[in-house]
Amino acid sequence: MRSQASVLHLDLDAFFAAVEQRDKPSLRGKPVVVGGVGNRGVVSTASYEARVYGVRSAMSTREARSRCPHAAFLTGRFHAYRATSQAVMDLLRSCSPLVEPLSLDEAFVDLERADGLDDLSVDGVTAYAEDLRSRVREVTGGLTASVGVASSKFLAKVASDLDKPDGLVVVPPGTELDLLLPMKVSVIPGVGPATVERLRSVGVRTVGDLHGLSEDELVRLLGKAHGAGLHLLARAEDDRAVEPERETKSVSVEGTYEHDLTDRVLMASLLRRQAEDVARRLRASGLSGRTVTIKVRRYDFTTVSRSTTLSSPTDDGALVARLAVALLEDLDTTGGVRLLGVGVSGLADWVQDELFTDGEPGSEDPTEPADASAPTGTEALVEESGARARTGWAPGMDVVHAEHGPGWVWGSGRGVVTVRFETAETAPGPVRTFAVDDPALSRPPALT
DNA sequence: TCTGGGGTCCTAGGACCC
DNA sequence: TCTGGGGTCCTAGGACCC
């Protein structure tokens, strides 16, 4: 917590709906709901006119329609939202080098580094923030923003929520706890339904109640990170810096289908398309990743994921697709699937050109064809390590991809190998990871 | 015929290494 | 021969945010 109110949080009001109303004058003053319009859609944003009828974010579109049948229901136009967001973020960056976007419609700005603002008194930051809000209106063509300014990120975010829409709240330093203690625990970012219920079970409803618990009690109740974090936030203790550069950690694509899927061949082809999309986005960002994860939500809403990790990062759509499809093989989809998704994580900002080019100096070129008289490459590895029974290999399956897992020791024949099998004529087979420990197998498996 | 999509962070258990 | 502890990586799941 700083001694001055120098952290600003800006939140564009009902952002997606406001962009639609700006671009289509006939929608102004009317209820507008942006989100999925299908049977399984949910609301992303409701205009304030729609909120009067009880329409809320994350509500199913079906329910929103029954609450407000005369609203305009629109699917998102994300390029328009991105362009408007960019204009706002550019404006904020012209004010301070330290801007941390949280999403398309929200950002923190560090006023300690703000251009042309040396008076960080309450009056000083109030005037600055009011000016900023009117400039947001200018660069967005009339969109309003709610702003909070306080001595920490936490309080600034709480403050921006207090006078929505089109409001400004500055929390004078020293008054943070007066504001916070009477509020419900759910004002704390990170306290959602599950945490509210856990806290309620021990009689805690307000931030003031939370104050009465020791850190040990909170850690026991909520776990180490969450417990310790809440213990601090309940005391308005928050020293987190405004971080302008945040690295992407994962890229994913998922889809919920209008009717549950039961055809595995169709599932595989949808997964392949998603994998290609993910890889395209990775390449567009100059990223590649080692871990491929699929997500499956069954008809009953139970959700499972399966993942596999490569020895080096990839942005190759065909490879991501093969791994994704292979991961699906292991999953029971009886009863149908409502959602499929593919993601890549473990990101690096580089792509390894070729597998197995980073061996120890002096080791033979692993991509060189092996001695034709001996069992070679992965087939030998599978054969000789006795791993065949564990891999799901069957006659007629070819090894189409193999690579070392982490921990492979060059020349030792020891480590972890991932192999994917494929039958000659049909669909991809399973991927199996298995341990190998056989000094005779000093050669890495060749790609076939 | 309830319940999106794109993310982040955390936890817990097992493998493995030193 | 037995015991063991810490650290890291991986997988799966869950809570949460906008």
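From the backbone N, Cα and C atoms, a Cβ is placed for every residue, glycine too.
Note that the structure is a prediction, hence the values are computed from the model and not measured.
Per TrEMBL, domain 'UmuC' is recorded for A:7-192.
Per TrEMBL, the feature Mg(2+) binding site maps to A:D11, A:D105. Secondary structure from DSSP puts A:D11 (Mg(2+) binding site) in a beta strand.
The site 'Substrate discrimination' annotation in TrEMBL covers A:F16. A:F16 (site 'Substrate discrimination'): 27 other CB atoms within 10 A of its CB, across all protein chains.
Here TrEMBL flags A:E106 as active site. Following the DSSP three-state reduction, the secondary structure of A:E106 (active site) is strand.
Annotated region 'Disordered' per TrEMBL: A:357-379, in sequence order.
Residues or ranges marked as compositional bias 'Acidic residues' by TrEMBL: A:357-368.
Proximity of A:E106 (active site) to non-local residues of its own chain (separation of 6 or more, Cβ distance below 8 Å) is seen for A:H9, A:L10, A:D11, A:L12, given in sequence order.
Residues near A:D105 (Mg(2+) binding site) in space but far in sequence (CB under 8 A, at least 6 apart, same chain), listed by position: A:D11, A:L12, A:F15, A:S85. A 10 Å cutoff on Cβ-Cβ distances gives A:D11 (Mg(2+) binding site) a total of 20 other Cβ atoms nearby, all chains included. Restricting the average to the domain 'UmuC' (A:7-192) gives a pLDDT of 98.
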